[in-house]
Amino acid sequence: MIYPVISTRTPIFLTNLKTPRIHESCTKLRSISRSSQHQNPIENDIKPKTQFINPVLMTNTKSHYGFQAMLSLCGLGYWVQGFRCFPWLALNFHMAHNLNFNPSTLQLVQNSANFPMVAKPLYGILSDAFYIAGPHRIPYICIGVLLQILSWGQLALIPVTGQTLPSLMACVLLSNFGASIEEVSKDALVTEHGQKHRIKGLQSYSLMALAVGGILGNFLGGYFSHKLQPRTMFLIFSALLSFQLAISSSECLGLSHRQTPTGKSITDNIRKHLSGLMIAISEDTISKPLTWILTSIAMVPILSGSTFCYQIQCLNLDLSVIGMSKVIGQLMLLSLTLIYDHHWKQIPMRKLVGGIQFVYAFSLLLDLILVRQINAGIHISNEVFTLCFSGLAETLAQFKILPFMVLLATLCPQGCEGSFTSFVASTVCLSSLVGGFWGVGLAALLGIKGGDYTSLPVRLLIQFVAALLPLGWIYQLPMSCPAEKEMKKCIDETQVFERVVGSVRI
């Protein structure tokens, strides 16, 4: 419980106060706080009779509100990031129906659009080493949002842009380039403030905000898909991005200005953070879990394009049904995140991730039930089955990354939050790209084309077997998070290395 103590000069927030006797100690606490800040000396020597078991932590109001502003800014950013499914649902419908892309081409566009995400370490190192004459990370958020506005704005206001594949790809790549810069800055801010305020697991709250945005985006996208033109949906999302840009810009102008640390050039700072990143990821406590999650993602062929086209062309499902299935998937993701944050953190990591991977592998067989129409044999319609089970595998694939993000954010060395978190995010994105192109190649090998899905069951079985294989080296994961002494040792060694590298002029 938090008890605010209001002072006439400098407000102070007190935490970890375990006594309800506020009125007895309020005057004494004011005197103690004023004495510690050298404002109003205490005239009478007051010795309190009550002693607190836990020390009282005092935080300046400016720091408190700065932390709250960061949470609000990043929360809005993650929410908008989750809401990106709103224009993407319209874009997928536009490519499948208006442009008549076959499943392989549709999935190729979806995966190729993520190439800017692979370069996240470059953006992270740059944001660590170079301050844009302001509050460090927030200007990068503004730049990323502005690039997304330019991309979706062109698709909304210039009709010819969305009619040809080259111009369409250029806009999508520009959008994801801006999104990747913004995501790097948000992830670094969350990790930075989590370490500064000694709050573990802030990544779970980020995932909650993203899931809430995904719920609303998929719901509205499915509802308005047949009522609005895709260009109108692009324009709505551009307006939402403009609102985010206005909030981020006002927050940027309201914070104190800082500059790149003096005494070192930008090149020296970049080399310093790059060296610190290399030694950080070489630690076994980081490299082994990271290797496992990357291989478990890359080994499974992604079938999003083929599944989407099969549902639209063969099952004749309405786009609102597909949108609602993703809403239910995001609701499941939000529920799983809440359960993890309150209960599953205490479960050994190897046991938790192994269970999630096992359930994820069998959830991939649900599409096989739909393709074979087994659900019709037990009197379950395609619409009901899609609503209830279509988004389960995608939800579990997103959720299994959360324990790794919490672990790696805890081990992140101070000073290179941007480069470290961006490296982790880019490698996860790269493994997803490998899985996506692996799925495209498998579709071409089995001869899956528009209207011909006879080989789709074989592809789903291969996907199921590939998802089970990573359980063979689950021993690479720790049974639990490393002890605080080991984590501190890892971070301290990295910081010593950074200081040694930073002291050498190149």
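Cβ coordinates come from backbone N, Cα and C, glycine included.
Whatever TrEMBL says is automated annotation, not expert-curated.
As given in TrEMBL:
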TRANSMEM  205-226  transmembrane segment
TRANSMEM  232-255  transmembrane segment
TRANSMEM  290-313  transmembrane segment
TRANSMEM  319-340  transmembrane segment
TRANSMEM  352-372  transmembrane segment
TRANSMEM  384-411  transmembrane segment
TRANSMEM  423-448  transmembrane segment
TRANSMEM  460-478  transmembrane segment
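Among the recorded stretches 319-340, 352-372, 423-448, 460-478, the one sharing the largest number of Cβ pairs closer than 8 Å with the transmembrane segment (290-313) is 423-448. The transmembrane segment (205-226) makes no contact with the transmembrane segment (423-448): fewer than 3 of their CB pairs lie within 8 A, with pairs spaced 6 or more apart in sequence.
At the 8 Å Cβ cutoff, the transmembrane segment (384-411) and the transmembrane segment (319-340) share at least 3 close pairs (sequence separation 6 or more) and count as touching.
Through the fold, the transmembrane segment (319-340) approaches residues 82, 85, 89, 93, 204, 207-208, 211-212, 214-215, 218-219, 221-223, 225-226, 308, 311-312, 383, 386-388, 390-392, 394-395, 398-399, 402-403 of its own chain, all at least 6 residues removed from its boundaries and within a Cβ separation under 8 Å.
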